[in-house]
Ligand code: SAH
Ligand code: SF4
Ligand code: F3S
């Protein structure tokens, strides 16, 4: 191992990586005379993106954001319900803010996002400190909810909409380095994966007007951004029509073949055409819906990144069936084969996986391991099953796999993923890649950090490069999470 690797301390951690527990904290935007808002976000990229919409709505109403919680007049926690652990994290934060509020009685606390939607007014009963509860479709209403609290009441809106996409709201970029940004292209989810709480917390699936998506991408590019990630729970089911009649038919889930519509492949192409210098990424793809048309569009445009997040959840067809994923092992492997055929061996593929789902046998768990051996993911987000109230699985099946078994199976897939990640990264050594420079390496200002098209992190000496530029980097070493190279 080179000294640089040791020096950078970028080896992946062995423990479970729970993306839902990561907190992102807001930036300083407040002007004089504005009340100050501090936003803490948990969960998926969609939630981080929503916090930017929230900041924008609040800014219009004389609230600026602050990164210093001590000067906040209002604290928003944008929450996640995906696993029990995610909710427990937020409960602990509320306890913490309870103590803060003792010394600052005027401080207002709002719970937003998926946990707000799931628990509704129960949150007000259970967590006395909470003043505002707002679900994911209620963010335009936040200033009114704050006003209700100012007048001595509580503010609650957990109404789920069939239309809201916040298309006209220009997000305040809180989570940004000025180079990469998220664009929400749809909201909600109509898939009913039996383990998943999202359809209940985010409501029905709806797509956003492609014109507003392209306009946002263009605006970001003009401001100097060089990468956008199009976000949706299932981007492959993106559909839009300006025609009222077609809209009604799409609502009824009629087949779209004979209609003039914009599908996800069309949208990808429209965004890619904003500029060849603007990289386009997207997340999440659903194995049942990802089409060859999307893969061919990716192949056609160099600036559409060669990377697909394609969560498998399990490698066993019976488990996939009771998870209600609506594909089986063969279908999934066929999609991976199409990716390799159309986009090549180098295309990055990542996954989400759940161990110890209801009734999963040891043999079925082995099928997940063997599927991993076939696909060889670059990266996976791996979890053990956490039963969620109100989901189909909670109603239909017993959560019967003991915690120690779930955890042992999880450890096995994490270990395998580590081997595959290293293998996939080693494949890159000796090659040269175009890297978008996103920042400095964590350890040294003398090294820059960026990513390849296939989403692999690259660290290399700075020389004369600036952030936001592209560099051709020759890779000479790697870990299972970082490529190390030299610009040429
Ligand atoms: N829309 C995305 C996933 C969103 S949730 C998709 O369809 O793939 C992110 C991940 O959390 C899921 O892919 C799944 O692996 C995991 N997850 C969801 N519900 C879970 C539960 N009840 N227990 C454990 N992991 C869960
Ligand atoms: Fe949840 Fe399935 Fe929808 Fe993803 S596709 S958000 S896992 S219900
Ligand atoms: Fe969590 Fe809601 Fe996202 S449950 S993962 S924040 S959609």
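The backbone N, Cα and C atoms fix where each Cβ goes, glycine too.
It should be emphasised that the depicted structure is a prediction, and the values quoted were computed from it without experimental measurement.
Listed in TrEMBL for this protein:
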- 35-151: domain 'MTTase N-terminal' (DOMAIN)
- 44, 80, 114: [4Fe-4S] cluster 1 binding site (BINDING)
- 175-423: domain 'Radical SAM core' (DOMAIN)
- 189, 193, 196: [4Fe-4S] cluster 2 binding site (BINDING)
- 426-488: domain 'TRAM' (DOMAIN)
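Checking the binding-site residues 44, 80, 114, 189, 193, 196 against ligand 2, the ones with a C-beta less than 6 Å from an atom of that molecule are 189, 193, 196. All chains included, 21 other C-beta atoms sit within 10 angstroms of the C-beta of residue 44 ([4Fe-4S] cluster 1 binding site).
Within 8 A of the CB centroid of the [4Fe-4S] cluster 2 site residues 189, 193, 196, the other residues of that chain are 191, 192, 195, 197, 198, 199, 233. The residues of the domain 'MTTase N-terminal' (35-151), classed with DSSP into helix (H, G, I), strand (E, B) and coil, number 62 helix, 24 strand, 31 coil. Recorded residues residue 189 ([4Fe-4S] cluster 2 binding site) and residue 44 ([4Fe-4S] cluster 1 binding site) have their alpha carbons 14 Å apart, per Cα-Cα distance. Residue 44 ([4Fe-4S] cluster 1 binding site) sits 14 Å from residue 196 ([4Fe-4S] cluster 2 binding site), taking the Cα positions as reference. Between the alpha carbons (Cα) of residue 196 ([4Fe-4S] cluster 2 binding site) and residue 80 ([4Fe-4S] cluster 1 binding site) lies a span of roughly 12 Å.
Among the binding-site residues 44, 114, 196, residues whose Cβ is positioned under 6 Å from ligand 3 are identified as 44, 114.
When the Cα atoms are compared, residue 114 ([4Fe-4S] cluster 1 binding site) and residue 193 ([4Fe-4S] cluster 2 binding site) turn out to be 17 Å apart. Along the domain 'Radical SAM core' (175-423), the predicted structure has mean pLDDT 96. A 10 Å cutoff on Cβ-Cβ distances gives residue 114 ([4Fe-4S] cluster 1 binding site) a total of 29 other Cβ atoms nearby, all chains included.
When Cβ atoms from all protein chains are considered, those within 10 Å of residue 196 ([4Fe-4S] cluster 2 binding site) total 23, not counting its own. A straight line from the CA of residue 193 ([4Fe-4S] cluster 2 binding site) to the CA of residue 80 ([4Fe-4S] cluster 1 binding site) spans 17 Å. Per-class residue totals from DSSP over the domain 'TRAM' (426-488), listed helix then strand then coil: 1 helix, 33 strand, 29 coil. When the binding-site residues 80, 189, 193 are scored by other C-beta atoms within 10 Å, 80 scores highest.
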